[in-house]
Every structure is written in C-alpha cells, then in structure tokens.
Amino acid sequence: MMAVTVSGNTGQSTAERLQCEFFLVKKKRQCGMTRRAGSQFCSEHSTDSDRVPCPLDPSHTVCLSKMRVHMRKCNKFRHDVSYQAKQREIPWFKEGLNSISNGKSDSKPADETLVKSVSLIQKIFQNEFGDEPPLPLIEKQNELLERTERYKTLVNRKHARQQSSLIQHLKESKLWPSLESCAVNKTLEYIELGCGRAEFSRYVNIATNLDQKEHSHEKPEYKAVAPSFTLIDRASQRLRFDNKFSSDIGTEVQIRREKIDIKDLRLDAVLHDASQYVAISKHLCGVATDLSLRCLLNSDKCKANLRGILIAMCCRHVCQSSEYVNQEYIKGLLKRQTDGSMAYSEFFQCLKKFCSYCTCGLRPDMDPNSGSEDHITKLTHNERQRIGHMARRIIDEGRAQFLQSKGFETVLFKYTDSAVTLEDTALLALRKHD
C-alpha cells in the first residue's frame, strides 16, 4: 500500500483530534484513526520497527510487546477453531488426523476442460450404470413422531418431513435402541457430525423415546434407556437444541458437544463409553462427508462397535479432490476410458462444477430447454442438470464402495422428494455380520 502524507502541523492543539496522516490510495481518503501527539501516523500505519504482521491475520499489524494479549482477543482467533484447540491443548484435537490433503485447494476448471468432460462423464456413467434407473425414492414416515403436537402445529414441514424419513430409515435398519438391548445394558450412542443446532439428533431422541414407550407395555420387565449423543460442529451455534433433549422426554440424556473441525477430531477422546455407536448427519456439506468417513474409521471404538452410518449428503460442489475418500475409484474409471487423457484432479473439478447444476433450480419464467446459447458447454438447463446428476452419482458411488471395502453393506437412495429438497440423496451403511 502506498503511503502519501498530508501536510499538517503535528503540534496542533490537544483539544483537536489528531488524525493519522496516512493516505489510503485505494479509498482515496485520509486514514480516520487517531495518532499520538508528536507522531505522524496512527499505530496501524506507524513505521516503528516493533510492529509486525499478526501471525493469525497478516492484514493488520501488532506491537511485539503486546503480542500475547493480542493473540487472545484477535478476531481471527475467535473464528479459527484449530488454533483455539491447539492453544487449549485439548486431548481430542490432533491437527490433520482425518485429512490426506496436500494443502492445495481445487481451482476452477478451464472452459475447454469442462466442455471435454461432458462426453467423458456420459461415457463413464453409461459404462458403470448402463440403463439403470435413477436412485430409488424411498421416503418413509415415522408415525409416532408425526403424531406429536409439535409436528402437527408446524406450518413449514420441509425439515420435519426429511427428519421423519431419515429417522424411520434408522429404525427399520435396526440402528435403534431396543428394550431388549437396554435389558442387557447394551447402550447406544448417536454421533452427529456437522450437527449445527442438533435439531436432527433432538428428534432422533424424541422418536426413540416414543418407540420405547409404545412397546413397554408388551415387555414391562424391560426398562427404557435413552441413547446418548455426541455432537460435533466447527461453528458456534445460536439457539441450540442441546438443553431440550432431557426436557423433551422427561429423563436425563447424556449429551456432549464439541466445537472442532472434523479434520482434526480424535473421536475416541469425546465418545461416551457405549456398547454400540451409530453415526448420523443431515446435510453434511461437501468435503465434510469425506472427512467424517475417515474420522469414523480412524476411531478404535468405532472400528469395533460402529453399527452403521446414515448420512444425508449435500454440496458436492465444495468437495476437494485431495480429500475425496475414494480417489482410486475415480482414477480407475478414467483409466478404463480409451480416450481418457484427463487427469484425476481435472476430472474431479469438472464433476464438482456439474454437481452445482443439480441444485440451481429455475425461476418460474425460465424455459428448462433454453440457456444453451449462453453457456460454454452449449447445454440447456435440463441437460446440465442431467449431467450434474450423473456427476453426483459418480462421487456418491465412490463413497459407497469405499465403505464396502471396509466391511459395510451400503445403499444409496433418495430419502425425500426433490420438491422438498434438491439435496435428497442419503448413504446408508450397515456393518456386515460375520
């Protein structure tokens, strides 16, 4: 930044505010900060040798003698979860434990690469899935949950409908606490990754309690035991539902929430001592799905006692080629193409780009068969969306096959109608029985 001083008298009256004389060229005005008497510039623009760029955010400078104090209150520190964890030396933090990234982020694919990828995606999809119909729509309803007063009074049931379907999938897949398991002290813990306000876990808690009450008259000798919950999110959430869990069902529920990036999470250090674990998430964003799968498989407790995983995935357009959990799968797809001269990272960037067209939607006045003349690929809105669904299926299939290689049975399906949400695909993984 160029410094241009504005002529002025540094010995002006103390009654008058001493304005910094540094001229901000880009903003075409003088700095508005106050300077000390006898100084030409404010502390930010001072040329004193004891000021250095802040280690957390080099866009501002810090006086060396005040560095320790500044590091505790710097705005960047408040948002840097990994740095906070490192400073606190918490046992569940291990930097980069679940990451395999080389530190490089994906770049936008070149126009010619994007155009070239269209035929490649179509060919790969045809070879892998042939004329196989789209993923099946298996929307379910948890009747007990939908009978509750809260559900009935909801005006917008968009999220509640999704939760009801996912919860019923958990129940029918036996990822659920039964009265029999409670009787032999087999405790169940749900791990919600990317939990946000923990609304999904809250309704899992309500539904399991209602189900146990419904069947308790059949087996009065068994006592219902609420599952425990571990909630993970890297952001600070307002209006969290954590304190509602116990009041919703009238009994104490074990809950633990930790603010940490999944890439740095040592899961064993935060889990309760349960007999079995189930990992869940509703709309786990982009690369977080890959980090979560790796996090679960890096856990010794989950290796032995993880019963299953149910993740409603979203935002494939913010996945990372370097973090994708099954790179060998996509490299293998490319290798089998005789005309495949595209590198893995390039192809993955194109997959991400096309995935974004799955969730764009159209304004009511737009023709889905138009838009080809304005787009580099010369594809209409409908055609781009169709290629996007192919790209999304390829990314999701790689994740499913990764879990299969680790001893799980997997299924991909649409858990709700696309009119409810365009991010309508879920991955269910169940531990194979020996």
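Keep in mind that glycine also has a Cβ here, set from the backbone N, Cα and C atoms.
Remember, it's a predicted structure, so these values are computed and weren't measured experimentally.
For reference, Swiss-Prot has these:
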ZN_FING   51-78  zinc finger
BINDING   CYS54, HIS60, HIS70, CYS74  Zn(2+) binding site
Name, in the order they occur in the sequence, the residues of the same chain whose CB lies under 8 A from the CB of HIS60 (Zn(2+) binding site) and which sit 6 or more residues away. GLU44, PRO53, CYS54
Across the whole of the zinc finger (51-78), what does the mean pLDDT come to? Round it, please. 80
Under DSSP, is HIS70 (Zn(2+) binding site) part of a helix or a strand, or is it coil? helix
Using DSSP, would you call CYS54 (Zn(2+) binding site) helix, strand or coil? coil
Given the recorded Zn(2+) site (CYS54, HIS60, HIS70, CYS74), which additional residues of the same chain have their Cβ within 8 Å of the Cβ centre, ordered by sequence? PRO55, LEU56, ASP57, THR61, VAL62, MET71, ASN75, LYS76
